[in-house]
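Here is the structure we will look at, set down as structure tokens.
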Amino acid sequence: MTSSHKYRIARSFDAASGYDAAARIQRIVAGQLAQRIERACPPPGPKRILEVGCGTGFLTGHLRRLYPAARIVATDIAPGMLEQAQARFRNDPDITCHVMDAEQPDLTGPFDLICSSMAAQWFVMRRETIGRLAALLSPGGVLALSTLCKNSFARWLDHYTALGLPCPMPTYPDLATLGQEWPLTGTGAWTGETLIDVPHSALTFVRELRAIGAAVPIPTHARRGDLRRILKRADSDPTFSVNYEVAFGIFRRTPHSGVFVTGTDTGVGKTLACAVLARAWDASYWKPLQSGIADEPADTSSVARLAELPPARLLPPAGVYAASLSPEDAAACEGEVIDPDRIVMPPAPANRPVIVEGAGGIMVPICADFLMLDLMERLGLPVVLVARSMLGTINHTLLSLAMLRQRNIPILGVILNGPENACARSAIERHGRVRILAQFPTLEEVNTDTVAGLARHVPRWETLYPADGAGPQ
């Protein structure tokens, strides 16, 4: 977005002296977002809150009611709107108002909660902005957003279409597009709601758009008198109303930095991939559930040897079993039932990622009602999926990716093991909408030297997770 356009937006909202009276939908959406925030952040709640695009303070008031002890920084690009918010909360010393462009945040985190109601539709660099805001979250912190989405104002647009006129309203993303834009530092989901407003007349609707500062249209070349034709046609409709399609998004930053490495099957090279990633990213390693130690060395020992990891960077497993079976069956052989609540990541060395290795594929059972997929969802780490490069890999890989996305689990990328297969690689990239992080050739011998060599071809951690959160997602 150009600085001149942002200036026009700020000026438009500053001129909105009748905002509170006209912003019926904004008031309703703020209340609905507050309800979602309350569910996502139960007591004792966040201690430090950043609100983006606070306007005159609809959501701010809900935040203060929900979290009376929190320190709130309420920001907006329009100084005039902030003045109204500041006047509203002038007796609250723990609410600070600050002029800020959300696309270039100038505050220092971390914040336990970052929220924004009906402001994200003004972001031009939406993915990057969401990434920058998420980077200001504390570990486990929540980003809560509401924004307009696809088919908003469809009924109003129908009148333009019937007259063969271009509509000056912006276009908005659908829920699937928004879902693809969450950063990889946590997990998030969007839900949609339809709100119907029935203005007194079409002219009232247009005037109220101006009153709330939303009349900053996309560039068009409408002829004089076009608006009058639209208003006349809309007013001739006895059922005239305006629909708002509102998306609500809740994102939670993972408490840990790292990835969860899983595979399309057993024996596809997960442990090799973990050793390479640990070496490339100077990471720690954790195998939550280890089975099969009666038949071969434990994966923790193998990764430690191949990646040359010191003991301090090896996190102890939650369960170790002798039989080469799924964790559920291996534990049963020893008279045990695994309790998922006891699978908790141990304290890890600070300032370095953790490579978490699963057992088998994503649908491997841990206990009666808990799969490896459930553990991935609980940990909230982005997934690296390891797959064979040979015949059959397309089906297995795409099915695994589909299951991960069904649970809103972020996917960092795929590692292929085996001979070069350009067709399979291309199909996985295109149909799976995923990047191939690396392809490892068939190895005659696996040792520290080969692992170090492969590690040099893996993208650097800093390029995948830049400090401002706005890099490749």
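Cβ atoms are placed via backbone N, Cα and C, with glycine included.
Automatic prediction, not curation, is the source of TrEMBL annotations.
As given in TrEMBL:
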{"type": "ACT_SITE", "residues": "Lys287", "note": "active site"}
{"type": "BINDING", "residues": "Gly267, Val268, Gly269, Lys270, Thr271, Leu272, Glu357, Gly358, Ala359, Gly360, Pro441, Thr442, Leu443", "note": "ATP binding site"}
{"type": "BINDING", "residues": "Thr271, Glu357", "note": "Mg(2+) binding site"}
{"type": "BINDING", "residues": "Ser291", "note": "substrate binding site"}
{"type": "DOMAIN", "residues": "49-141", "note": "domain 'Methyltransferase'"}
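Features recorded in TrEMBL, as mapped to the structure shown.
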{"residue": "Gly267", "record": "ATP binding site", "DSSP class": "coil"}
{"residue": "Lys287", "record": "active site", "DSSP class": "coil"}
{"residue": "Glu357", "record": "ATP binding site", "DSSP class": "strand"}
{"residue": "Pro441", "record": "ATP binding site", "DSSP class": "coil"}
Distance [Cα-Cα, Å, rounded] between Ala359 (ATP binding site) and Lys287 (active site): 8
Surrounding CB atoms that lie within 10 Å of the CB of the residue listed as 'substrate binding site', all protein chains: 26
Rounded inter-Cα distance in Å - the residue listed as 'active site', Leu443 (ATP binding site): 24
Spatial neighbours, same chain, of Leu443 (ATP binding site) - Cβ under 8 Å, 6+ residues apart: Leu272, Thr450
Rounded to the nearest Å - Cα separation of Gly269 (ATP binding site) and Ser291 (substrate binding site): 16
Site diameter for ATP, Å, by largest Cα distance between Gly267, Val268, Gly269, Lys270, Thr271, Leu272, Glu357, Gly358, Ala359, Gly360, Pro441, Thr442, Leu443: 22
